[in-house]
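Take a look at the structure below.
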Amino acid sequence: MSEPEHAAEQADLSAENKEKLEKLVQKDSRSGRVFSGFWKYITSAMGAFMVAFYMYCAAVPVDTQYFLGVYVVLTYVMVFLIYPLKASSPAHRPTAVDLIMAAAAVFVVGYFVMEYEAINYRMGSETRMDTFVSALGILVSLEVARRALGWSMTIVGALFLAYAFWGDLLQNIPLLNAFAHTGFKIDRALNHIYYKQEGVFGIMATVLVTYVILFIFFGSFLKASGASRFFIDVPMAVAGKSIGGPAKVAVIASGFFGSVSGSAIANTVSTGAFTIPMMKKAGFRPHVAGAIEPSASIGGMFMPPIMGAGGFLMAEMTEIPYVQIMIMAIFPALMYFLSVFTMVHFEAKRYGIVGKRRPEDPTALEILKKQWFMSLPLVIIVVMMIVGFSPGYAAFWAIISCIVVSWFTPENKMGVKQILDAMIEGANATLIIGATVGVIGIIVGTIQLSGIGLKFSQIIIDLSFGSLPVAVLLVALASLILGMGVPVTAAYLITAVLAVGALTDMISQSYWGVSFRELQLPLGQLLADDPQRLEIMAKVSWALIASHMVVYWFSQDSNITPPVCVAAYAGAAIAGSDPWKTGWTSFKFAKMLYIGPLLFVYSPGFLLGGPGHFIPWYQVASTVVTVMLGTVAFGALSMGYFLCGFTVKEWIICAFATTFLFFPHLVNWIVFGIDLPTILVDTLGIGMWVIVFFMQKIRIRKDPTLVLPIDERRRLRRERAAQTA
């Protein structure tokens, strides 16, 4: 698709819808001041330095205190300069209060950097100055979150801080006494939260500076290189003229963009500006067009090679190499997109929507021949990580490749100005997620200090009565509620710290009859190359990754599940449709988001056997085949349409077929009460699916109009009724 055609698609947005979209994006991203003159140069210089410094760090090791401190101080200062204290603050310059807060940020982070080794030596015997700085640093962190993210996450952080100070008082309050801790001195809590590895400079800061911000920079450079258009043109050539073509283009393009953008709403806005108007033109109802894009966009958060920030956090928390997590995540991500793809297909068949292709439109092969080099940045990332280079180093070379790739297209050639613009845009794009560092440090630090994570895990086990499906449901509710107030990455991290312990324990009990801790006990007594040790490690790693994947998938649900569903509201703004109706339709298209977590815990082959492949390859292969068939069946079941619309009997048989294909182990336990061979249950599922196929074939043979678009069938019924009358 040419540039003018892209512009034409965007022009389809009415002025009113554009205004709604801009307001929604500004609300979600809390767009700050737009500077000119002196302050523009200052913030731009800081952004360019941030990118240059961390590009350098990707290639050359730097001491921990500088590695963490530089990003935190630059983020804090830029937030105080760019995001105003209140709505009535000047829009084009910082105030004296902003400058004082920026100076305070420099002081508290600078103290951490300069006193890093001394603080480590006197940990547990901190000075009054240490405590003063930690108190000020925590207050500064809360204010950074308030300005960049709003009150909701700030309040969550403040509540956890209050819990650290006064959680022992809960012992005297009925129902809440289960959450009480033994009590800590305020100075101990402050110093633990600010200085310790679990606190402000802990896991979130480490993962951001090691991996995430480099991939955010990469996204900015990829966009500047012109490669983003390539990732729309190829899907357009592949699927644009098929049944439901524009919607399928949205699904495929979102798979490319979502992984890089790291944000479902950013993905919805960037790709939806082109795909949603195309879907409406093709015949999709506005609320459906507005719902398909966000439903596909959240899948980008699961799609390797980048997986947003969650994959890197998962690698840090589980200590499993990111490349292994990336490999395990490929099949579940593809199944999510296959689910949305099939639902789109059946929706389009019901309404007779077919994409249109003009003779002059290039084929996918022609596009690849002319622009194959546009795919090199993503190829470089994948290949370098697979051969063993760190994700950060792979991102470094991918960024360099974006610059080189741009030189092959004159209109996108990146010179010094374009490179600086990409650096500044990339740095600004990190501010929102960077603003979470302090508050997440407060939350995680409090959880580690108080031990509430273990208590929360026990509460989940007690409330679920030891039932794994109920525990998964409780985690889903916790993720949804938490996602209403904090960004999805923060929701994942917090829920993981609180709930993964319960899930791993219950998975271990369900599969091997022992607790997760008991499963790990023999590891210390076995040699590294002992086959028994390798088998136990494989089980431990799979249980851990499965639990984290459950939490990570559920953490995305607030993007498309009412009442919040900001990504769905963005789609509604572009489509000019009712936001509430669009939100529920988006929820319908994204149903695989809720099936996937159950597959993680009940189907080891869904994660391709886990890091150690503790199940045989043929079992993995069987799972891959049956889950693919189950996903297609699930798409038909959700839309009530296969070859034609379902009857009640066909729908019920299809529901059983889907369940048998997805969950043969559960079917064994619940339906048969015996341990039938999994392949037998799978065969029964396939058999039921075949029965539905032939039932519909017979009905269509008797009444060929069943395959006509629904509007055409209604017209024929009206004509027949008129003739009869």
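Every residue, even glycine, has its Cβ placed from backbone N, Cα and C.
Taking TrEMBL as the reference, the stretch among 288-313, 496-521, 548-573 described by the feature transmembrane segment is residues 288-313. Highest Cβ contact count with the transmembrane segment (428-447) among the listed stretches 66-83, 459-484, 620-644, 678-695 falls to 66-83 (criterion: pairs under 8 Å). The transmembrane segment (200-222) shares more Cβ pairs under 8 Å with 378-408 than with any other stretch in the list 66-83, 95-114, 378-408, 459-484, 678-695. At the 8 Å Cβ cutoff, the transmembrane segment (678-695) and the transmembrane segment (66-83) share fewer than 3 close pairs (sequence separation 6 or more) and do not count as touching. The average pLDDT for the domain 'TRAP C4-dicarboxylate transport system permease DctM subunit' (136-605) in the predicted structure is 89.
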